[in-house]
């Protein structure tokens, strides 16, 4: 409950800030959308940084480091330090100068004039809004997960289905409403102020979290040495032989369990006698909650008590891992055994883990502060549903195979941060700058700020792989990556600190949501309503009202998606960024290539979005987190394809008019 | 000097790949994985290169252009159509 109160106070503070900044609101749509070009270097740095660092940076980076190791930093953070500032430097300043000179508020206004095409807006508007929605989704979804994880057991009788904490759908809803309210009142000025405040909050609290967690793990050195001992592959990008050996042993044991379960539960050709079971348990050292099953499986295998055909073994593996059984069963698996890699090609059955976990551990699930056995408190507390799911996954599913990071994937990740050049919300932030000189501080400090936020998050995620707590691993195998940071904060800090740290995580999330909310409202009014309705048809008050209404509509749609969305934050983020990156060649050419034509830009946009849709579908709509195309990140193909189409078509079509070229390239 | 700054950006992009640390799990100062420390160094290097860019490659003329004619309305916006 303490955490909930602190989060409530923090959200109230934000609302106050939004309302206060509205007192400075000049009442014009320009002030609402661009803060009247009044933002100085510090506010610009904080608002740009706060906007680019979202749940992806805190929740996603720690979760991905937990899964993939320290290589995550080089893959995305250090490359972003180079590329983001490059985009601010090469694109931001030029676009700011044109925006200031010609009165642009949105990207589409710029493209319409630079490309001498009104209809480009009709294509770009749905694409940009469509790509912002998954970006919003990351924030909305993560905020619900974080609040839910941190408030487990906060209520005595309510929300039993959510471990007596705030349900994710409610957490996401509250965060969306709070951000909506302060964006409504404060507009761009409120957003810039709130971003600055929230960026300071999450940077300070992030560093505090890092040191609190490291001290709970016995200090920086002890935390890292535990990883070196138990999961050395997480400290590099190759696979350590020790991890490979451990995995081979675990997979072998898991195969025995799968076969034993299949023989006893599905075929019913084997049933151990009580004496055999007693002998099996006697020879086994208990480690996991479901250890008896493992002991029986090892005993049955050692004593050759059953025999299965290749087809039966393969079906046993698929059943044990909750995979969908292929129908008809492939011929090749009727004769030979499938590898772990081949096994993973079959998707897991939806909800299988929940149904089975409830069936097996239903009697142990309850309020996490209540004793499992009221007459014997030494047996511990009741299990949360999340714990039951975790124990089920850890004791039933195949162990994760260690895998090296591909050099080609690492290199082609470099294309992902190019997305910053096409983020519509960042374009709008650039235009708020008071002068070109305002950009100097963001350009220089951005890579350092990324380092301050990402290095601790990546280390915490890596430590989580090997951390022990009260004598047992802090996280069982297959623990959901998105919940790693929140779970560590909850388990390893006091309720008061956990409340503050959660506020810090929410700050990072909200500082991106607000800019995105404002940007989509701005695009709708400027690029659709005012553009097609006529500039003098609506009063400024009506324009602001329409922006607000459209924001509500998009937030409602995003919120609806968040109720269905199960994907990893990091994977979803990478797809969203890849879409924006695939449009990067168009904005870059628009700024630096005089020969870019209207037709060339259309070709680039259509190829970008066409290749994105195709590859996104191939990756099973982000459900496959390790999807690559030609061994590379899909974004590399999208960027090259869109650039090629744009260049070729531009070269064979009529160049832009002299008037347009003089307007945008006067120095030449 | 402007080209030297752009050259440094290219160098940063090349050394970012750090193939030479791919299978190195050493801990520096007893806690910092060497690959993470190296990449953090790339972030600091990037900040320094961008600092040089603000000193030697800054487009001062853009500021002057914008100040000469702040927030003019574009002809296209006035007419509402460009095509």
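Note that Cβ sites are derived from N, Cα and C of the backbone, with glycine treated the same way.
According to TrEMBL, the feature transmembrane segment maps to residues A:570-592, out of the candidate ranges A:363-385, A:570-592. The transmembrane segment (A:192-213) shares more Cβ pairs under 8 Å with A:492-513 than with any other stretch in the list A:166-185, A:492-513, A:570-592. A Cβ distance under 8 Å defines the sequence-distant neighbours of the transmembrane segment (A:408-427), meaning residues of its chain 6+ beyond its ends; these are 48, 51-52, 71, 74-76, 79-80, 82-84, 87-88, 91-92, 95, 106-107, 128, 132, 237, 515-516, 518-520, 523, 574, 576-581, 583-584, 586-588, 628, 631-633, 635-636, 639. Here the transmembrane segment (A:71-93) sits apart from the transmembrane segment (A:166-185); fewer than 3 CB pairs are under 8 Å, leaving out pairs fewer than 6 apart in sequence. Long-range Cβ contacts of the transmembrane segment (A:166-185) within its own chain (Cβ-Cβ under 8 Å, at least 6 residues beyond either end) map to 4, 11, 14-15, 17-19, 21-22, 25, 139-141, 143-148, 151, 154, 159, 191, 194, 506, 509-510, 513-514, 517-518, 521, 548, 551-552, 555, 558-559, 562-563.
Listed stretches A:37-59, A:122-146, A:448-472, A:545-564, A:570-592 were compared with the transmembrane segment (A:628-653); the greatest number of C-beta pairs under 8 angstroms is found for A:570-592.
Counting residues 6+ beyond its ends, the transmembrane segment (A:37-59) has Cβ neighbours under 8 Å at 80, 84, 88, 100, 135, 138-139, 141-143, 145-146, 189, 191-193, 195-196, 198-200, 202, 206, 420, 423, 425-426, 429-434, 437-442, 445-446, 449-450, 453-454, 457, 482, 485-486, 505, 508-509, 511-513, 515-516, 569-570, 573 in the same chain. Among the stretches A:122-146, A:448-472, A:492-513, A:545-564, the one making the largest number of Cβ pairs under 8 Å with the transmembrane segment (A:570-592) is A:122-146. Stretch with the largest number of CB pairs closer than 8 A to the transmembrane segment (A:122-146), among A:448-472, A:492-513, A:545-564: A:545-564. Within the chain carrying the transmembrane segment (A:492-513), a Cβ under 8 angstroms from the stretch's Cβ atoms is held by residues 2-7, 10-11, 14, 50-55, 57-59, 135-136, 139-140, 142-143, 146-147, 150, 175-176, 178-179, 194-195, 197-199, 201-202, 204-206, 208-209, 212-213, 216-217, 453, 469, 485-486, all 6 or more beyond its ends.
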